C-alpha cells in the first residue's frame, strides 16, 4: 500500500512535514518576545508559512506525478487532506486529474470535479486536453464526450483543443450528432470556430447522405466572415458526388472557380471519380482533358481514376490507350493502374485477357498482394483452380503470402 511505502513516507517527513508543522509554532527569530521585533514577527511568520506551503504543494504534486494507480493516488490525496491544516491547491487537484488521465480510470472524476467547482477553480487547459486525449487514445470516445459534458455540468470551460481533438476522433467513426453537439457547445462558449471545423463536419454529414444537414452547415459558414478554401470545395465535390448528388458536385466545381480558386489535382480527380461512378464518362473525359492541358507531368491518380472509369464501362481499348499515353509522357504506370484494369477485366469475365495484362504489367510494375488476390479470385471464379494454385505459388516465391 502507498502509505506503507517507506520511500514515500520518509521523503514526505524529511522534506516537508517537519517544516510544515513546526514552523507554524515559530513567533520570532530571537529569544525575546514577539514585541521585541517591533511588530515584524507576523511578517516573518507569513514568509515562513508561504515558503512551507509552496514546499508542501511541490511535495504533494511530486508524489502524485510518480503514482500509476488511481486508487493509491486518491488515498494519498485524502490522507494529505486529513493531515494538512490547509486546503489542497488547484495544482494538486490538477495533478490528481492527470493521474486519472494516465491510468484512464475515471471513477473519481465527478467527485473531484465537484470539489474543484465548490472551491472555485477548475481543470487547466492542459489537464482538460490530457483527459480527453487519454480517452481518444483508448478509443473511449463516448466516455470522452461524457467527460466534457460533466465539465460543462460543473460550469467549467473545457479547452478549445479538447473539443477539436474529440471532434476529429468522432469524425473517423461517423458520430455526426455528437460532433455537431460539441461544435455548438464551442460556439456557446465563445470559441472562434474555423473553416477546418466546418469542413470536418460537412464531410461527415455528406458521407452519411445527410445532405440537408451538410448544406445547413455550409450556409452557416458562409454567413460568417469565413472564406471557403479549396479543401472545403474538394470535400463537398467528393462527398456529395459519392452519395449521388452529381449536380451539386458540378455546382461546387463551378462555384469555386467563380470565387477565384483554381482547381487542383484533388479537385479534378474527385470530379472525374464522381462522373465515372454516375456513368457520365464523356463528361469525365472532358474534365480529364482540361486537367491535362499544358501539363508536363501527368497526375498518376487522375490516370488511375480514368482507367478505372473506362474499365468499369468495358472500354478496355481506351484504358490501354491511357497506359500508353502515360508512358509517352515519361511516367511509368503504377501497380495501382494495372490493378484497376485487372479488377475490371475480372468483373467482365475476361480471364484470358487479364492473364495477358498480368504478364505484361511485370515490365512496368511489380505485382503486389492485391494483384495476386485479384488474379486468384478471378481464376477460382472461372473454375480454374489449378491455375489459381500456380499463381499462389508464384506469389509465395515473390515473398508475398496470403
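Glycine residues also receive a Cβ, built from the backbone N, Cα and C atoms like all the rest.
According to TrEMBL, the protein carries these features:
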type   : residues : note
DOMAIN : 66-222   : domain 'PROP1-like PPR'
REPEAT : 89-123   : repeat 'PPR'
REPEAT : 124-158  : repeat 'PPR'
REPEAT : 159-193  : repeat 'PPR'
REPEAT : 194-228  : repeat 'PPR'
REPEAT : 229-263  : repeat 'PPR'
REPEAT : 264-298  : repeat 'PPR'
REPEAT : 299-333  : repeat 'PPR'
REPEAT : 334-364  : repeat 'PPR'
REPEAT : 368-402  : repeat 'PPR'
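For the repeat 'PPR' (229-263), same-chain residues at least 6 beyond its ends with a Cβ under 8 Å from one of its own Cβ atoms are 195-196, 198-199, 202-203, 206-207, 209, 211, 214, 218, 221, 270-271, 273-275, 277-278, 280, 291.
For the repeat 'PPR' (194-228), the model's average pLDDT works out to 90. For the repeat 'PPR' (194-228), the DSSP counts in helix, strand and coil order read 26 helix, 0 strand, 9 coil.
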